[in-house]
Structures are given as structure tokens and as C-alpha cells.
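Participant: Here you go, one structure.
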């Protein structure tokens, strides 16, 4: 069987890995629109979390398998259609993730000084489309809308001592911008309460212990929560206990000294829903956010935030909206649920289109960590293997695979990038990084990547 996977992030690689491991004859081709592979492992994981990027080693093993091939610099839906892939392969798996962000849908969202978390993370991680973001960091107070791990990542990057960031693979340009940053206070604002935060304890602990920055949590926000979490699942209980402990910590002498030495601070604000981003007098830039105060109806993860009618304004010159990523439809031939932002499927089988599958965020929505995506991708791969076994996928007719796609791409003037091409780019990045005392210096311009491999 010849199979192809669209997207080379964790979902794509884990799907390919599982199929290759459990089917001795399958051949899997992976298509990626960028010249470089690994998706959000490269462009989403924070630069100061190198251990999370270790999965790249396993993905590299998969890509080097003689039954796997990687074709970068190919945009499916534009350079080659899904229908054309279906002609060339016995099965096609869509694993292209979530390349857009959810919008707030409030006035002032397009003012200068307002950015999506997705674009900001892409900027400091070297995602080509965000390389020219040039965020304005000349204000003292930043406001992040959202209480997830991405929001904490951004707060940590904004407040981290430069010495820590210099040793990471953060891009050169963003390091220079952060070196001139005036931001010294970051508020993380959520519509719901402490029991509904979406970040995890590891990320919160890292933030609480960040050198040179002190947490500012209001003890009143946590009144009575010890009882409320008594019977909560252990991760939620431990997370809440850490917030309570941080809020109630009395500054001792040592802490007072540390605070004098810690000019930077961050805090969590709860039960506030953004209503409008307020403009400066000239109407061009953000100067603050007006928020509706909310009360919670229901409890636990299903609690809803209902506006109370009261509002408050918070001054800030930088607003980052971290309310989630969003998948986009890839090709008119593929069914898409615009409401939920996913491809309608059951166990990864795309509804109404035999031989078409999906895995990762485009399958289940943009939630979870790499391990969640791994399990999800194995689940889709299992569906493909079952369909091969019971004959739903007819392998008796031979399919040309990349041979057929190659002539289509050539006729459209598209030159794919191979995995060994990527390894040249990788070697160049690592060499540049070494010169600067970093693990790598990412190349952020795709044209430069292509020149480097003689394309």
C-alpha cells in the first residue's frame, strides 16, 4: 500500500510511524508546505523547553526509514489537490493542524500593539510567516488574554532574564527585540475562575520560580477553594494548591530583598471578559482593555462566565490574545465543520470520503499536548491499518504514489525539498548556533533555506 500524510508536525509523524511499524509493506510519503519539518515542535514549543523537542529524534528515525519519504515546500490544496493525491495513493491522511487563531471579535482588535498569541509565538520561534511581526515592546504593562500554557509561555518569554534566553534556539531578531523591551509587568486574564485555568502545574511552577520576577496573586480570588478541590482530580487539586500557596505566601526578609531585586512581576486575573481594546487619543494604538466582570454559572470545566454588568479598565500597551488556535479548510473536496473547526470524522475516517483520514488538531480541535496528539494519531493509524486488513482500501490496483505527484508538481513549477535537503539546512542552523553559543540559529526566510540547498 502507498499512503501519504499531509503535514509534518507531531500528528503527521506519529501517524506515519505507527503505520510503518505495524505494516511491513506500507510506504508512506509525508508532504509539508514549509521546506522544514516538525510543525509546532519547531515553531510552537517554547525555546526554553528543549527537552520537549526531543521527539524530533524519533521523527527523524521515521523519516530516514527506507519506506518513508518527506516532501517539503509542497502546499497541498494549491500545488497539488487532495483529489490528485487520492488518485496517486491508496489512502490520504490529513494532519495539517491549526494554522489560524481564534479571534476575539471585539472593537479595537486591529489596533497596533494587539497580537495573536499564535503570531507572537511564531515570531520568537522563527515561523517564516511571522518573521516581520516587530511587536512593540516599549510599554511597561502587557496583558495576555487566556489562561493556557501558551499564555504562560509568552509571559515567561517576556519576563525571562536575557541570560536564560541567550542559551536557547530563540531567533536572533526576537532576542534583540527582547533585549530592548520595557515590559516589566504581565497580567494573564481569564473569563472564568482559578478552578477553570487550562495551564498545567509544570508550567505554573516554572513561572512562580522565574528568576527576577515575582508573582502577584490576590488571596481573595482563592478564598474557600481548598474545600472546593478536596474531591477534584489530582492534577487539578495540585495546581489549585500551588496557586493558593503562591497567593498566600508572606514576604519574609529574604523575599523582601528578592522583591527589591525583582523589578518584574506577573499576575493572574480571573472572571474578566474582554469587551473592547481601548485606543490612544490618535486612535491608532492600544492603551488598555475594558473588561466585563463575570460570575460563574455551574462548576468545574463546564462552568460558564456570565457578565455581571460591571466593567473595569486595565492600562496596557501590549495585548496578546491567547484564546486558541483554529484549523482552516484545505481543499473544497474535503468536508469541513466550520462551526467546530475540524474535519468531520469517526476514529479519523473522514465522513463520506472513503480512503481519506485525518489526525491531530484538524481531527479533534486544537487542544492537548504532544502526547495527546500521539495517542490520537495512533488511533487514526489504527483505522487505516484495519481498513487495509478488511479490504475497505483496495490495494489490488497499484498506485504510483510520488511518481504521479512529481510530474504534477513539475508541470506547476514546484520543487519539493527532501529530508536530506532538510538535514543540510539543519546542519547550517546548528553551525550558526554554535558560533553564538546556542543549540541552533533558525533560518527564518524560506528563500534563504532554498538557496542554501541550491534550489
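Even glycines carry a Cβ here, placed using N, Cα and C.
Straight out of TrEMBL:
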- 11, 32, 40, 76, 361, 368, 369, 370: FAD binding site (BINDING)
- 147, 148, 149, 150, 191, 192, 203, 368: NADP(+) binding site (BINDING)
- 2-158: domain 'FAD/NAD(P)-binding' (DOMAIN)
Participant: 11, 150, 370: which of these binding-site residues has the sparsest Cβ neighbourhood within 10 Å?
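Facilitator: Output over binding-site residues 11, 150, 370: least Cβ neighbours within 10 Å is 370.
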Participant: In this predicted model, what is the average pLDDT of the domain 'FAD/NAD(P)-binding' (2-158)?
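Facilitator: Averaged over the domain 'FAD/NAD(P)-binding' (2-158), the predicted model reaches a pLDDT of 97.
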Participant: 10 Å Cβ neighbour count around residue 40 (FAD binding site)?
Facilitator: 22
Participant: Let me check the 10 A CB neighbour count of residue 76 (FAD binding site). How many other CB atoms are there?
Facilitator: 23
Participant: Nearest of the binding-site residues to residue 191 (NADP(+) binding site) by CA-CA distance, picking from 11, 361, 368, 370?
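Facilitator: Of the binding-site residues 11, 361, 368, 370, 368 has its Cα closest to that of residue 191 (NADP(+) binding site).
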Participant: Give the number of CB atoms, excluding that of residue 368 (FAD binding site) itself, located within 10 Å of its CB.
Facilitator: 14
Participant: Measure from the Cβ of residue 148 (NADP(+) binding site) and count the other Cβ atoms within 10 Å, all protein chains considered.
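Facilitator: Excluding its own Cβ, residue 148 (NADP(+) binding site) sees 20 Cβ atoms within 10 Å.
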Participant: For residue 150 (NADP(+) binding site) and residue 11 (FAD binding site), determine the Cα separation and express it in whole Å.
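Facilitator: It is 19 Å, counting Cα to Cα.
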Participant: Find the shortest Cα-Cα separation between residue 148 (NADP(+) binding site) and the binding-site residues 32, 76, 369, and name the residue that gives it.
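Facilitator: Checked the binding-site residues 32, 76, 369; minimum Cα distance to residue 148 (NADP(+) binding site) goes to 369.
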